[in-house]
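Have a look at the structure below, then the notes.
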Amino acid sequence: MKIAIVNDMPMAIEALRRALAFEPAHQVIWVAANGADAVQRSIEQTPDLILMDLIMPVMDGVEATRRIMAETPCAIVIVTVDREQNMRRVFEAMGHGALDVVDTPAIGGPNPREAAAPLLRKILNIDWLMGQRVGRERVVTTSRSEVSRRDRLVAIGSSAGGPAALEILLKGLPENFPAAIVLVQHVDQVFAAGMAEWLCSASGMPVRLAKEGETPQVGVVLLAGTNHHIRLLKDGTLAYTAEPVNEVYRPSIDVFFESVTRYWTGEAVGVLLTGMGRDGAQGLKAMRERGFLTIAQDQASSAVYGMPKAAAAIDAAVEIRPLHTIAPRLMEVFTQ
(Lines of atoms letter the chains of each structure in order from A and count residues from 1; the text may use other names and numbers.)
(Lines give C-alpha, C1' and ligand atoms only; values in the text may rest on other atoms or scores of the structure.)
Protein backbone atom coordinates (compact mmCIF):
# COMPACT_ATOMS: atom_id res chain seq x y z
CA MET A 1 0.00 0.00 0.00
CA LYS A 2 1.28 3.49 -0.90
CA ILE A 3 1.12 5.58 2.27
CA ALA A 4 1.66 9.28 3.01
CA ILE A 5 2.44 10.78 6.43
CA VAL A 6 1.19 14.25 7.38
CA ASN A 7 2.81 15.41 10.62
CA ASP A 8 4.97 18.28 11.80
CA MET A 9 6.71 16.33 14.58
CA PRO A 10 9.91 14.47 13.54
CA MET A 11 9.58 11.97 16.39
CA ALA A 12 6.02 11.07 15.37
CA ILE A 13 7.08 10.67 11.74
CA GLU A 14 9.88 8.34 12.81
CA ALA A 15 7.48 6.33 15.00
CA LEU A 16 5.14 5.87 12.05
CA ARG A 17 7.97 4.90 9.70
CA ARG A 18 9.22 2.28 12.16
CA ALA A 19 5.73 0.85 12.61
CA LEU A 20 5.13 0.63 8.87
CA ALA A 21 8.50 -1.09 8.37
CA PHE A 22 7.09 -4.23 10.00
CA GLU A 23 4.95 -4.73 6.88
CA PRO A 24 7.14 -4.75 3.74
CA ALA A 25 4.13 -4.21 1.46
CA HIS A 26 3.70 -0.68 2.84
CA GLN A 27 5.65 2.11 1.14
CA VAL A 28 5.88 5.69 2.40
CA ILE A 29 5.70 7.76 -0.79
CA TRP A 30 5.82 11.23 0.77
CA VAL A 31 5.78 13.17 4.04
CA ALA A 32 4.13 16.57 4.55
CA ALA A 33 4.72 18.87 7.52
CA ASN A 34 1.31 20.58 7.40
CA GLY A 35 -2.14 20.22 5.93
CA ALA A 36 -1.67 22.70 3.09
CA ASP A 37 1.40 20.84 1.88
CA ALA A 38 -0.55 17.57 2.12
CA VAL A 39 -3.38 18.91 -0.05
CA GLN A 40 -0.89 19.87 -2.78
CA ARG A 41 1.10 16.65 -2.52
CA SER A 42 -2.11 14.63 -2.82
CA ILE A 43 -2.90 16.38 -6.09
CA GLU A 44 0.57 15.58 -7.41
CA GLN A 45 0.65 11.99 -6.13
CA THR A 46 -2.50 10.57 -4.55
CA PRO A 47 -1.64 7.81 -2.05
CA ASP A 48 -3.74 4.81 -1.10
CA LEU A 49 -3.74 5.97 2.53
CA ILE A 50 -2.83 9.10 4.48
CA LEU A 51 -1.83 9.01 8.16
CA MET A 52 -3.03 12.46 9.23
CA ASP A 53 -2.04 14.43 12.32
CA LEU A 54 -4.58 16.88 13.75
CA ILE A 55 -2.60 19.80 15.19
CA MET A 56 -0.24 21.38 12.63
CA PRO A 57 0.78 24.85 11.48
CA VAL A 58 -0.61 26.53 8.33
CA MET A 59 -3.53 24.07 7.98
CA ASP A 60 -4.72 21.55 10.56
CA GLY A 61 -5.70 17.94 9.92
CA VAL A 62 -9.44 18.61 9.96
CA GLU A 63 -9.32 21.14 7.13
CA ALA A 64 -6.75 19.08 5.23
CA THR A 65 -9.04 16.05 5.43
CA ARG A 66 -11.96 18.10 4.13
CA ARG A 67 -9.93 19.46 1.21
CA ILE A 68 -8.37 16.14 0.25
CA MET A 69 -11.68 14.26 0.36
CA ALA A 70 -13.22 16.95 -1.85
CA GLU A 71 -10.37 17.16 -4.37
CA THR A 72 -8.39 13.89 -4.41
CA PRO A 73 -10.28 11.43 -2.19
CA CYS A 74 -8.36 8.58 -0.60
CA ALA A 75 -8.38 6.66 2.67
CA ILE A 76 -7.38 8.80 5.68
CA VAL A 77 -6.63 7.64 9.23
CA ILE A 78 -6.22 10.22 11.97
CA VAL A 79 -3.11 9.69 14.13
CA THR A 80 -3.04 11.51 17.47
CA VAL A 81 -1.01 11.50 20.69
CA ASP A 82 -3.88 12.77 22.85
CA ARG A 83 -7.26 11.47 21.73
CA GLU A 84 -9.18 12.82 24.73
CA GLN A 85 -7.98 16.39 24.28
CA ASN A 86 -8.55 16.21 20.52
CA MET A 87 -11.87 14.31 20.60
CA ARG A 88 -13.91 17.04 18.92
CA ARG A 89 -11.36 17.45 16.14
CA VAL A 90 -11.26 13.68 15.64
CA PHE A 91 -15.00 13.54 14.98
CA GLU A 92 -14.90 16.66 12.81
CA ALA A 93 -12.28 14.95 10.64
CA MET A 94 -14.32 11.75 10.53
CA GLY A 95 -17.29 13.87 9.52
CA HIS A 96 -15.29 15.00 6.49
CA GLY A 97 -14.47 11.41 5.54
CA ALA A 98 -11.57 10.16 7.67
CA LEU A 99 -12.07 6.44 8.17
CA ASP A 100 -10.61 5.83 11.59
CA VAL A 101 -8.34 7.08 14.35
CA VAL A 102 -5.36 5.52 16.09
CA ASP A 103 -2.80 6.52 18.71
CA THR A 104 0.71 7.42 17.58
CA PRO A 105 2.87 4.30 18.09
CA ALA A 106 5.32 4.57 20.99
CA ILE A 107 9.06 4.65 20.36
CA GLY A 108 11.59 2.99 22.64
CA GLY A 109 9.37 0.41 24.31
CA PRO A 110 10.43 -3.20 24.96
CA ASN A 111 8.22 -4.56 22.16
CA PRO A 112 8.11 -2.26 19.11
CA ARG A 113 6.13 -4.77 17.04
CA GLU A 114 3.40 -4.83 19.68
CA ALA A 115 3.34 -1.02 19.72
CA ALA A 116 2.91 -1.01 15.94
CA ALA A 117 0.12 -3.62 15.93
CA PRO A 118 -2.92 -1.29 16.37
CA LEU A 119 -1.85 0.87 13.43
CA LEU A 120 -1.09 -2.12 11.22
CA ARG A 121 -4.49 -3.67 12.02
CA LYS A 122 -6.25 -0.45 11.00
CA ILE A 123 -4.34 -0.42 7.71
CA LEU A 124 -5.16 -4.08 7.07
CA ASN A 125 -8.87 -3.38 7.57
CA ILE A 126 -8.76 -0.45 5.17
CA ASP A 127 -6.85 -2.48 2.60
CA TRP A 128 -9.61 -5.10 2.84
CA LEU A 129 -12.32 -2.47 2.41
CA MET A 130 -10.66 -1.20 -0.76
CA GLY A 131 -10.84 -4.71 -2.25
CA GLN A 132 -13.71 -7.02 -2.99
CA ARG A 133 -15.92 -8.55 -0.34
CA VAL A 134 -17.62 -11.91 -0.65
CA GLY A 135 -21.39 -12.09 -0.34
CA ARG A 136 -23.08 -12.91 2.92
CA GLU A 137 -25.61 -15.63 3.49
CA ARG A 138 -29.18 -14.47 3.46
CA VAL A 139 -30.74 -14.18 6.88
CA VAL A 140 -33.45 -16.64 7.80
CA THR A 141 -36.34 -14.84 9.42
CA THR A 142 -38.13 -16.05 12.49
CA SER A 143 -41.91 -16.19 12.58
CA ARG A 144 -43.75 -13.40 14.37
CA SER A 145 -45.14 -15.83 16.94
CA GLU A 146 -41.60 -16.66 18.14
CA VAL A 147 -40.63 -13.13 19.09
CA SER A 148 -41.90 -10.57 21.52
CA ARG A 149 -43.35 -7.43 19.98
CA ARG A 150 -41.63 -4.07 20.17
CA ASP A 151 -43.21 -0.95 18.75
CA ARG A 152 -40.96 1.41 16.82
CA LEU A 153 -37.27 1.33 15.98
CA VAL A 154 -34.86 3.23 13.76
CA ALA A 155 -31.67 1.25 13.04
CA ILE A 156 -28.90 3.46 11.63
CA GLY A 157 -25.52 2.41 10.25
CA SER A 158 -22.65 4.72 9.28
CA SER A 159 -18.90 4.78 8.76
CA ALA A 160 -16.60 7.34 7.13
CA GLY A 161 -18.30 10.73 7.34
CA GLY A 162 -20.79 9.27 9.80
CA PRO A 163 -20.30 11.50 12.84
CA ALA A 164 -21.21 14.67 10.94
CA ALA A 165 -24.07 12.92 9.14
CA LEU A 166 -25.46 11.59 12.41
CA GLU A 167 -25.27 15.07 13.95
CA ILE A 168 -27.34 16.50 11.09
CA LEU A 169 -29.86 13.66 11.17
CA LEU A 170 -30.35 13.74 14.94
CA LYS A 171 -30.62 17.55 14.98
CA GLY A 172 -33.59 17.19 12.66
CA LEU A 173 -35.52 15.06 15.17
CA PRO A 174 -37.45 16.43 18.17
CA GLU A 175 -36.64 15.30 21.71
CA ASN A 176 -40.00 13.53 21.85
CA PHE A 177 -39.33 11.51 18.68
CA PRO A 178 -41.68 8.52 19.05
CA ALA A 179 -39.26 5.68 18.20
CA ALA A 180 -36.22 4.03 19.71
CA ILE A 181 -32.94 4.70 17.86
CA VAL A 182 -29.88 2.45 17.74
CA LEU A 183 -26.70 3.64 16.00
CA VAL A 184 -23.91 1.43 14.68
CA GLN A 185 -20.92 3.57 13.70
CA HIS A 186 -17.54 2.18 12.69
CA VAL A 187 -15.46 3.58 15.54
CA ASP A 188 -12.96 1.97 17.87
CA GLN A 189 -14.16 1.17 21.39
CA VAL A 190 -11.75 3.68 22.96
CA PHE A 191 -13.46 6.50 21.08
CA ALA A 192 -17.07 5.34 21.41
CA ALA A 193 -17.83 7.06 24.73
CA GLY A 194 -16.35 10.31 23.45
CA MET A 195 -18.44 10.05 20.31
CA ALA A 196 -21.62 9.52 22.31
CA GLU A 197 -20.84 12.59 24.43
CA TRP A 198 -20.00 14.65 21.35
CA LEU A 199 -23.19 13.60 19.53
CA CYS A 200 -25.27 14.35 22.61
CA SER A 201 -23.81 17.84 22.87
CA ALA A 202 -23.80 18.57 19.13
CA SER A 203 -27.27 17.25 18.29
CA GLY A 204 -29.23 18.00 21.47
CA MET A 205 -30.52 14.42 21.55
CA PRO A 206 -29.86 12.11 24.55
CA VAL A 207 -27.13 9.85 23.15
CA ARG A 208 -25.32 7.22 25.24
CA LEU A 209 -23.61 3.86 24.82
CA ALA A 210 -25.85 0.80 24.57
CA LYS A 211 -25.61 -1.50 27.59
CA GLU A 212 -25.65 -5.28 27.52
CA GLY A 213 -29.15 -6.59 28.24
CA GLU A 214 -31.09 -3.35 27.83
CA THR A 215 -34.06 -2.83 25.54
CA PRO A 216 -34.15 -0.06 22.90
CA GLN A 217 -36.45 2.63 24.24
CA VAL A 218 -38.18 5.74 23.01
CA GLY A 219 -36.44 8.92 24.13
CA VAL A 220 -32.88 7.55 24.13
CA VAL A 221 -30.40 7.19 21.27
CA LEU A 222 -28.17 4.16 21.84
CA LEU A 223 -24.72 3.88 20.23
CA ALA A 224 -22.92 0.54 19.88
CA GLY A 225 -20.00 0.94 22.26
CA THR A 226 -17.56 -1.97 22.06
CA ASN A 227 -15.36 -3.73 19.52
CA HIS A 228 -17.85 -6.60 19.49
CA HIS A 229 -20.94 -6.70 17.31
CA ILE A 230 -24.27 -5.60 18.74
CA ARG A 231 -27.38 -7.71 18.17
CA LEU A 232 -31.05 -7.65 19.01
CA LEU A 233 -32.00 -10.88 20.77
CA LYS A 234 -35.22 -12.89 20.69
CA ASP A 235 -36.43 -11.29 23.95
CA GLY A 236 -35.96 -7.79 22.51
CA THR A 237 -32.81 -6.93 24.47
CA LEU A 238 -29.43 -5.88 23.09
CA ALA A 239 -26.31 -7.99 23.43
CA TYR A 240 -22.66 -7.73 22.42
CA THR A 241 -21.10 -10.75 20.72
CA ALA A 242 -17.76 -11.69 19.17
CA GLU A 243 -19.52 -13.75 16.50
CA PRO A 244 -19.19 -13.74 13.56
CA VAL A 245 -15.42 -13.50 13.92
CA ASN A 246 -14.78 -13.03 10.19
CA GLU A 247 -16.36 -9.56 10.05
CA VAL A 248 -13.59 -7.00 9.56
CA TYR A 249 -15.54 -4.11 11.05
CA ARG A 250 -16.58 -4.47 14.64
CA PRO A 251 -19.30 -3.54 15.29
CA SER A 252 -20.79 -4.72 11.99
CA ILE A 253 -23.83 -2.91 10.62
CA ASP A 254 -24.91 -6.02 8.72
CA VAL A 255 -24.95 -8.07 11.92
CA PHE A 256 -27.23 -5.59 13.69
CA PHE A 257 -29.58 -5.03 10.75
CA GLU A 258 -29.99 -8.78 10.28
CA SER A 259 -30.79 -9.26 13.96
CA VAL A 260 -33.48 -6.59 13.63
CA THR A 261 -34.86 -8.54 10.68
CA ARG A 262 -35.10 -11.67 12.81
CA TYR A 263 -36.45 -10.32 16.08
CA TRP A 264 -38.20 -6.96 15.71
CA THR A 265 -41.89 -7.30 14.89
CA GLY A 266 -43.14 -3.76 15.34
CA GLU A 267 -42.49 -0.90 12.94
CA ALA A 268 -38.86 -0.39 11.94
CA VAL A 269 -36.84 1.73 9.54
CA GLY A 270 -33.29 0.91 8.45
CA VAL A 271 -31.03 3.84 7.49
CA LEU A 272 -27.61 3.44 5.86
CA LEU A 273 -25.45 6.55 5.79
CA THR A 274 -22.09 7.57 4.34
CA GLY A 275 -19.17 5.15 4.56
CA MET A 276 -16.50 3.21 2.71
CA GLY A 277 -17.02 -0.42 1.80
CA ARG A 278 -20.18 -2.53 1.75
CA ASP A 279 -21.07 -3.11 5.40
CA GLY A 280 -24.78 -2.65 5.96
CA ALA A 281 -25.90 -3.22 2.37
CA GLN A 282 -26.88 -6.87 2.79
CA GLY A 283 -28.44 -6.18 6.18
CA LEU A 284 -30.48 -3.33 4.71
CA LYS A 285 -31.65 -5.64 1.93
CA ALA A 286 -32.73 -8.20 4.53
CA MET A 287 -34.73 -5.49 6.30
CA ARG A 288 -36.40 -4.52 3.03
CA GLU A 289 -37.28 -8.14 2.28
CA ARG A 290 -38.78 -8.37 5.76
CA GLY A 291 -41.14 -5.54 4.85
CA PHE A 292 -39.43 -2.68 6.69
CA LEU A 293 -38.84 0.74 5.16
CA THR A 294 -35.17 1.14 4.20
CA ILE A 295 -33.39 4.40 3.37
CA ALA A 296 -29.91 4.99 1.93
CA GLN A 297 -28.17 8.36 1.82
CA ASP A 298 -27.69 9.73 -1.68
CA GLN A 299 -24.35 10.28 -3.39
CA ALA A 300 -24.41 14.07 -3.39
CA SER A 301 -24.74 14.36 0.39
CA SER A 302 -22.41 11.45 1.30
CA ALA A 303 -18.84 12.21 2.39
CA VAL A 304 -17.91 8.73 1.11
CA TYR A 305 -20.38 7.05 -1.25
CA GLY A 306 -19.47 3.44 -0.58
CA MET A 307 -21.95 1.69 1.71
CA PRO A 308 -25.03 3.53 0.37
CA LYS A 309 -23.84 2.86 -3.18
CA ALA A 310 -23.51 -0.85 -2.39
CA ALA A 311 -27.03 -0.82 -0.97
CA ALA A 312 -28.42 0.92 -4.04
CA ALA A 313 -26.65 -1.55 -6.33
CA ILE A 314 -28.48 -4.53 -4.80
CA ASP A 315 -31.82 -2.71 -4.52
CA ALA A 316 -31.66 -2.74 -0.72
CA ALA A 317 -33.08 0.76 -0.26
CA VAL A 318 -36.75 1.55 -0.71
CA GLU A 319 -35.76 5.21 -0.77
CA ILE A 320 -32.50 7.02 -1.62
CA ARG A 321 -32.50 10.45 -0.03
CA PRO A 322 -30.36 13.54 0.59
CA LEU A 323 -29.21 13.59 4.20
CA HIS A 324 -31.26 16.65 5.18
CA THR A 325 -34.50 14.93 4.14
CA ILE A 326 -34.06 11.75 6.20
CA ALA A 327 -35.11 13.17 9.59
CA PRO A 328 -38.32 14.73 8.19
CA ARG A 329 -39.09 11.41 6.49
CA LEU A 330 -38.68 9.54 9.79
CA MET A 331 -41.04 12.01 11.46
CA GLU A 332 -43.55 11.45 8.68
CA VAL A 333 -43.35 7.66 9.07
CA PHE A 334 -43.76 7.60 12.84
CA THR A 335 -46.31 10.38 13.32
CA GLN A 336 -48.90 9.27 10.79
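Using the three backbone atoms N, Cα and C, a Cβ is placed for every residue, glycine included.
The average pLDDT for the domain 'Response regulatory' (2-119) in the predicted structure is 92. Per Swiss-Prot, domain 'Response regulatory' is recorded for 2-119, and the stated evidence type is sequence analysis.
Positions annotated as 4-aspartylphosphate by Swiss-Prot, on the basis of sequence analysis: ASP53. The Cβ neighbour count for ASP53 (4-aspartylphosphate), using a 10 Å radius over every protein chain in view, is 27. DSSP assigns ASP53 (4-aspartylphosphate) to coil, not to a helix or a strand.
Taken from Swiss-Prot, the feature domain 'CheB-type methylesterase' covers 147-336, and the record attributes it to sequence analysis.
Among the features that Swiss-Prot reports, active site is placed at SER159 (among others). Within the same chain, the residues at least 6 positions away from SER159 (active site) whose Cβ sits under 8 Å from its Cβ are LEU99, GLN185, HIS186, TYR249, ILE253, LEU273, THR274, GLY275, MET276, GLY277, ASP279, VAL304, GLY306, MET307, listed in sequence order.
Sequence annotations record features per position, and here Swiss-Prot assigns active site to HIS186 (among others).
Annotation source Swiss-Prot lists active site at ASP279 (among others), citing sequence analysis. Around the Cβ of ASP279 (active site), 29 further Cβ atoms fall within 10 Å across all displayed protein chains.
The Cβ of HIS186 (active site) has 27 other Cβ atoms within 10 Å, all protein chains considered. The helix, strand and coil residue counts that DSSP assigns across the domain 'Response regulatory' (2-119) are 49 helix, 25 strand, 44 coil.
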